[in-house]
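To start, the structure itself, in structure tokens.
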Amino acid sequence: MKYDTVFNFIDHFPTIRQLVTSHFGYGASVPGPYDGMSFFIGTVNLMLLIAGSIAFFASFKKFKSERKILFYWLVIVVMISIFMMNHRSTFVWDSIPLIAYFQFPWRFLTLVTFTSPIFVIFLDRFRFSSYLGIVIILAAIGLNLSYFRPHDFLGRTDEYYLNRYIPTPIASEEYKRISEEYLRLPLATQTRPGKNYPRITVSNGEILNADYPNGLDARFETNSDQDIVVSYNKYFFPGWQVRIDDHKITPQPGKPFGQIFFSVPSGRHLVKIYFRETVFRGVFDAISLLGFVVAVKMVLGAKKKP
């Protein structure tokens with residue numbers, strides 16, 4: 001991906017006050033403390049953080065080592081998240097490569113939102129702990145019910161979005177003015193396409209029996225008395241694979257759009273193009289699956305204990 005970002009993270013650090021005071025708005029994140037959107041951690045979340053911490057230290061000796069490790073992990077995650085949302089962490093943002101793609105430091109609120117409800121585990125020794133789940137759910141709904149209303153009804157039709165985001169049949173002036181903020185371009189892309197191109201274009205020769213089983217893959221034949229240069233008009237990313245007569249070749253990013261680009265020898269050949277996970281992504285997929293299996297096993301194992 002291109003190493004650039006439309007927004008500078010320096011402008012989007014929330015203040016401590018914004019994290020702990022209730023505010024709701026429909027605006028955007030702007031430089032300074034005058035944001036139109038809320039960065040509030042949440043009343044219920046803050047109550048669980050405080051109550052869970054108090055309960056943990058009040059009954060410290062009664063908790064097993066597993067619970068203690070969990071508490072320390074939760075506290076570390078929350079503290080790191082809050083630190084990364086504070087302007088004092090600027091040196092960290094400047095030091096870590098690629099973190100600029102995170103763009104908005106307040107996105108670390110996601111980790112706080114995820115971890116804070118887990119503090120309820122440390123309240124299970126209280127007399128009415130069995131009703132705590134119902135109380136938390138009702139409180140979360142009741143305290144936020146007034147926010148469940150739209151700000152505006154814009155009345156935009158499909159034509160508005162097609163004209164703005166889809167270059168069909170050619171790119172509109174509005175499309176050209178849209179940045180790739182949420183549609184990041186590959187590194188090799190010099191410019192965006194100004195119109196929709198056929199999925200396959202060739203320098204010479206002909207394409208026969210083209211078949212597209214899905215939105216990514218393709219299968220076709222070529223026939224030419226000289227080498228053919230093929231542009232497969234999908235953005236090139238690691239994971240794209242090409243086979244010519246079952247012989248694997250390495251495609252390259254083409255110019256100017258960063259499309260998939262490769263050559264086919266003269267004669268008649270069968271070409272297959274498909275997208276598969278890279279080994280790197282496959283390893284992390286396996287780690288995610290393993291984590292899910294372990295979590296399920298821990299939950300089921302906990303239920304079996306007396």
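Cβ coordinates come from backbone N, Cα and C, glycine included.
Source: prediction; values computed, not measured.
Annotation source TrEMBL lists transmembrane segment at 37-57 (among others).
Positions annotated as transmembrane segment by TrEMBL: 69-86 (among others).
Positions annotated as transmembrane segment by TrEMBL: 106-123 (among others).
The transmembrane segment annotation in TrEMBL covers 130-148 (among others).
Within its own chain, the transmembrane segment (279-300) has Cβ neighbours under 8 Å at 238-239, counting only residues six or more beyond its boundaries. Residues annotated as transmembrane segment in TrEMBL: 279-300 (among others).
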Residues outside the transmembrane segment (106-123) whose C-beta sits under 8 Å from one of its C-beta atoms, at least 6 past its ends, are 12-14, 19, 29, 39, 41-42, 45-46, 48-49, 51-53, 55-56, 59, 63, 67, 70-71, 74, 77-78, 80-82, 84-85, 129, 132-133, 136
